[in-house]
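Features reported for this protein in Swiss-Prot:
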TRANSMEM  25-45  transmembrane segment
TRANSMEM  65-85  transmembrane segment
TRANSMEM  114-134  transmembrane segment
TRANSMEM  152-172  transmembrane segment
TRANSMEM  184-204  transmembrane segment
TRANSMEM  226-246  transmembrane segment
TRANSMEM  262-282  transmembrane segment
TRANSMEM  291-311  transmembrane segment
TRANSMEM  352-372  transmembrane segment
TRANSMEM  382-402  transmembrane segment
TRANSMEM  410-430  transmembrane segment
TRANSMEM  434-454  transmembrane segment
Amino acid sequence: MNDTTHATDAAHSPHSTQQHSMRALAIAAIGVVFGDIGTSPLYSLKEAFSPAHGIPLTEGSILGVISLLFWAILLVVGVKYLLFVMRADNNGEGGVLALMALSLRPLDSKTRVAGALMALGIFGACMFYGDAVITPAISVMSAVEGLEIATPHLSHLVLPITIVILIALFWIQRHGTALVGKLFGPIMVLWFVVIAALGVYHIVRVPGIIAAINPYYAASFMADHLLQAYVVLGSVVLVLTGAEALYADMGHFGAKPIRYAAYGLVMPSLVLNYFGQGALLIQNPKAIENPFFLLAPEWGLLPLVVLSTVATVIASQAVISGAYSLTSQAIQLGYVPRMKVLHTSELAIGQIYVPVVNWLLLAVILCIVVGFKSSDNLAAAYGIAVTATMVITTVLACVVMVKVWNWNRLLVGAIIAVFLAIDLGFFGANLLKVAQGGWLPLGIGALLFFLLMTWYKGRHIVKERTAADGIPLEPFLQGLLAHPPHRVSGTAIYLTGNDKLVPVSLLHNLKHNKVLHERTIFLTFVTRDIPYVRDDKRQSARDAGGGLYIVKAEYGFNETPDVKAVLEEFGRTHDMTFELMDTSFFLARETVVPTHLPGMSIWRERVFAWMHQNAAKPTDFFAIPANRVVELGTKIEI
């Protein structure tokens, strides 16, 4: 009997383990991926019926708006992102930069099309930051505003409580969130169950709201109200904030667990809650004051405020972590100057902290909270960054479908036409809100786009100038060995950006010190257009003879170069040992000098020179002991 039982368990264990793993990943994804979109019910419907839109609270208009919300979630989240966009993974990784890298792969990088796609991808990434400063502000503020419903005499504390929560959230970032992160999934599962239950309670009382599933009501609403209805689309898109996160976080959890969570819990819960809010408004139009919190019975208001606040903090955490990850990717791809990136967990590779980004985000978010004062005012600023990124994602996905997957062009045209019609409709509606607050994310995105493009162009010019004046490395080394300078004991590592050219730091060392170490390694780091590089493909080394080695280490854009790991691997394959504290690292400290040479306008060159000067030192970025570094200065005119 026991043998049979064990045999049966063994036979079923792979499947049960796989199911358990899927559920565990889905729950983890719910805690990270769906925080933003999951907290949208706090403000979306309320904003759609803003008095500024002039839409009467009749049963017909309520059914029309709920129908628009339903079909927006179904088509954009359920079809576009979950079924189509998430197929376009870059070796398992998602997000606008990963999609951009994938779309550029089959193209000649020097063509105008490639340049336009690169600019689109970078602009999409910049708009993410425009979104990242609004999400924590509007999410936390809208949750704390529940106090105005639960205990009106505490309404004056909404702003101070919001500020305290946000400061605390950003302060804990440097300590890592791995421990509390384990609770995010279960808490967000509870959140979705609660908002679904609240919705069902009111749907049962007004079952007629289910008719909003019929797209006729959405079309009728648009036809009856025309321009007003188009303005309302700018608020309807608030239900989609966070949809891009489904794709961006795909590398952390995988497409299947995200789809599993979305179709199994998240989308049904959101739809039920929105329909419940619609039912409440049909029954009591005065509930438009705050339809989300008024779903709850009086005894449940304070617990719901607490749960909402925790859920919005989790949603904000996901956006903050996303900003760190995107910054790290952009650094590796060469679009952003080097910044100090700290790993906050020894177990989770993706747990990073970027101090500069953290404190800049907090400063801007606090200014936004104090300046806009309420989630109603801030809602006008929300949406334009989201819709701009949605349009860019659709365009890049189109290129991937045609150039990478070789899909039929007519089929791709039909699919993209539908998605672009929806995306551009939402984007156009949000452009109408530029004066009311939409200028904020657009301004942030435009400023960052200018800085990133200036940095990318400047680095390209520096590389061209360096290559034009450079000396081929291997012939130089052969000549050096034929007429060797004085050799000194020890190991020297020359970090260089081009493994084909002689490092400027070597030339200066030979010129001033006239010595060469017995063991000399020329180390170059290269970032590939894939998220991760396999360990067995990471490193290549050439023995130039006489104790001279040329080593190239390749990393994906989701990885951080590790000097120590590279030297350990090189030592294993070449039967050597390295002690960082006994090794000298030679670096060229470049000083960029703006000139009137062809390249960029002089004022942009000055901006680039300032960025170059303030980039993180290589010792910080590569985690090299500062007392083992020899920096030799060089000037580069651009």
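Cβ atoms here come from the backbone N, Cα and C positions, even for glycine.
Here the transmembrane segment (152-172) touches the transmembrane segment (352-372). Their Cβ atoms form 3 or more pairs under 8 Å, with each pair 6 or more residues apart. Here the transmembrane segment (434-454) has long-range neighbours at 119, 122-123, 125-127, 129-131, 133-134, 330, 335-336, 364, 368, 372, 377-385, 388, 600, 604, 607-608, 611, meaning same-chain residues at least 6 beyond its ends whose C-beta is under 8 angstroms from one of its own.
Within the chain, the transmembrane segment (226-246) has long-range Cβ neighbours (under 8 A, six or more residues past its boundaries) at 33-38, 40-41, 43-44, 47-48, 50, 53-55, 64-65, 68-69, 72-73, 76-77, 81-82, 86, 96, 128, 131, 135, 258, 262, 270, 274, 315, 318-319, 322, 379, 382-383, 386-387, 389-390, 393, 425-426, 428-430, 432-433. By the count of Cβ pairs under 8 Å, the stretch nearest in packing to the transmembrane segment (114-134) among 25-45, 184-204, 382-402 is 382-402.
Ranked by the number of CB pairs under 8 Å to the transmembrane segment (291-311), the listed stretches 184-204, 262-282, 410-430 are led by 184-204. Most Cβ pairs under 8 Å with the transmembrane segment (382-402) belong to 410-430, among the candidate stretches 25-45, 65-85, 184-204, 262-282, 410-430. Sequence-distant neighbours of the transmembrane segment (184-204) (same chain, 6+ residues past either end, Cβ-Cβ under 8 Å): 27-32, 34-35, 38, 41, 210, 265-266, 268-277, 279-280, 283, 295-296, 304, 307-308, 310-311, 314, 317.
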